[in-house]
Amino acid sequence: MLLAELAEVSRAVAATPARLEKIARLAEALRRLAPDERAVGASWLAGDLPGGRIGIGGATVRAALDAAPAEGGGPGLTVAEVDAALGRIATASGAGSAGARRRELDALLARAGAPERWFLAALLLGELRQGALEGVLADAVARAAGLPAAEVRRAAMLAGALPPVAVAALSEGAAGLARFRLRVGEPVSPMLAQTAADVEEALRALGGEAALEWKLDGARIQAHRDGGEVRVFSRSLRDVTAAVPEVVALLRAAPEPRLVLDGEAIALRADGTPEPFQVTMRRFGRRLDVERLAPDLPLTAFFFDALVAGGAELLASPERVRWAALERAVPAEQRVPRLVTRDPAEAGAFLEDALARGQEGVVAKALDAPYEAGRRGAAWLKVKRAHTLDLVVLAAEWGSGRRRGWLSNLHLGARDPSTGGFVMLGKTFKGMTDAMLAWQTERLKALATGPLDAWQVPVRPELVVEVAFDGIQSSPRYPGGLALRFARVKRYREDKRPEDADTIETVRGLYGG
């Protein structure tokens, strides 16, 4: 298949709000992919690169786009050719590797037309927002293969990713899907939580009574034990066993020889409060001297679910049954603090205690719900205290997919009184309605200080925006050394001037506090 065909499918999917039309277009594209293109094609249609990041940053992509010839030339790029080129970019290493990656990218863009360039750039930047979420794509795989959507979703849940399931479904049908099952030692995608505004809303949504557990500000882990063999996986399903000897020791000491447990690993201070998230994440670097780091930065594991315990797979079991199995598998000090209640006042006090002890908040869980691996289901609801800052828009990037034609991704900065300038803290495209996107595009075009046909448009720092975020982390990417976690736009503050924006000292105070 030509890349241009896939780019056109992406454009069409982004352009329609109709779920059934999205599914139909994606299913047709999946059917047309050659067998050796199905895995990569399914990944790209989901907006992902099969191997994750490939060593090219946003600045390089934008510079390559700006330098590309006005019109692409040569024969049309195929999916296989592009996949091979991206593979060469990902594996380039050593002296001169940055130049080699750039030359490969330049060669791709030189052969690509405008739609293909936008598709490639959005894919490389992780910004292919076309409304083809995994649920939509799973339904498209089911339609393309003539299989029940529930079976495709279950296989994807157990595989931890949809592309291998797409390959199996399209190549082997139901027999291919039957191979996907929970195996101790092989990770499954973790269950995720939706958001509730407060504990009262969470209790109402869950039918009155629910289990509340502390939401720890740590690293999600999935721990597997099969006899003497222990493996630990991250939220992204990466094997991190070597990085967490403390967790390995806990599993080996457990009374049950066969376990799959879901939980968090966290670095704690002497007073029991958590270190900042970024400090915990130092234990999970890819180049890590664990023997040197572990004594100074030990990890503590807290578990909150059992997927395999007592000789049984528990995915379909109610939450209360899985918790009882967890109680038998690990001692109380290795489980998250928990409260079962229907009393909003009691739930509120539990939340305040978690926050006072430095945790993110609580997760409310339906007692009779199964474990929905890989889904952000309504059976788990997180309640956190969000922070807000008034920041200034420093630049914006043109959107892709259904946001094409709008300035979407905002560069956000805090005021620096010492220089009179602004310090960038991150970017966000989240929280914006279509009306807000249309309004801000016109305002930012009027404030532009650079060409409007560039990928990124710098603007005069005049617009103040109220931004909600979940925390602050250290980041070498930005000049102030700090970045916002999960930032999203709440509203523009037209009543405020840039000099009324929050200062970098305020941000540093929040980080230190």
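Placed from the backbone N, Cα and C atoms, the Cβ positions cover glycine too.
Together with ARG220, ARG235, GLU264, PHE304, ARG376, LYS382, the ATP site in Swiss-Prot holds one more listed residue from GLU213, GLU256, which is GLU213. Taking the C-alpha positions, the distance from ARG235 (ATP binding site) to LYS215 (active site, N6-AMP-lysine intermediate) comes to 15 Å. Fewest Cβ neighbours within 10 Å among the binding-site residues ARG376, LYS382: that distinction goes to ARG376.
You'll find the Cα of GLU264 (ATP binding site) roughly 9 Å from the Cα of LYS215 (active site, N6-AMP-lysine intermediate).
Secondary structure at LYS215 (active site, N6-AMP-lysine intermediate), taken from DSSP and collapsed to helix, strand or coil, is strand.
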